[in-house]
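Record features, source Swiss-Prot:
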- 3-24: disulfide bond (DISULFID)
- 17-41: disulfide bond (DISULFID)
- 45-57: disulfide bond (DISULFID)
- 58-63: disulfide bond (DISULFID)
C-alpha cells in the first residue's frame, strides 16, 4: 500500500507501507485554536484520542489525501 504521509502544511509526500501494514490513515488533531492533520501507514486503524476531531482509515493506494 502507498499512503500519503505529510502533515497539514507541508508538501505532499508518500511512503510505501511495510509488509502487513495495509491501512492508510488521516487524523485531525486539535492544537489550541489550530487543527493539525497527520497522515501515514498503519497496521490497524488508529482510535480517536481526546484531542482528535476525526480519524479516516482506508485500504487503497493514496486514499488518505
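Quick reminder: no glycine exception, Cβ is built from N, Cα and C everywhere.
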Densest Cβ neighbourhood among 24, 45, 57 (disulfide-bonded residues), 10 Å radius: 24
Euclidean distance between Cα atoms of residue 57 (disulfide bond) and residue 3 (disulfide bond), Å: 11
Top Cα neighbour of residue 63 (disulfide bond) in the set of disulfide-bonded residues 17, 24, 41, 45: 24
Disulfide-bonded residues compared (3, 17, 41, 58, 63) - highest count of Cβ atoms within 10 Å: 3
Rounded Cα-Cα span from residue 24 (disulfide bond) to residue 41 (disulfide bond), Å: 5
Rounded inter-Cα distance in Å - residue 58 (disulfide bond), residue 17 (disulfide bond): 13
Candidates 17, 45, 57 (disulfide-bonded residues) - the one closest to residue 24 (disulfide bond) by CA: 57
Residue 17 (disulfide bond) versus residue 57 (disulfide bond) - Cα distance in angstrom: 14
Residue 17 (disulfide bond) and residue 45 (disulfide bond), distance between Cα atoms, whole Å: 14
Helix, strand or coil at residue 17 (disulfide bond) [DSSP, three-state]: coil
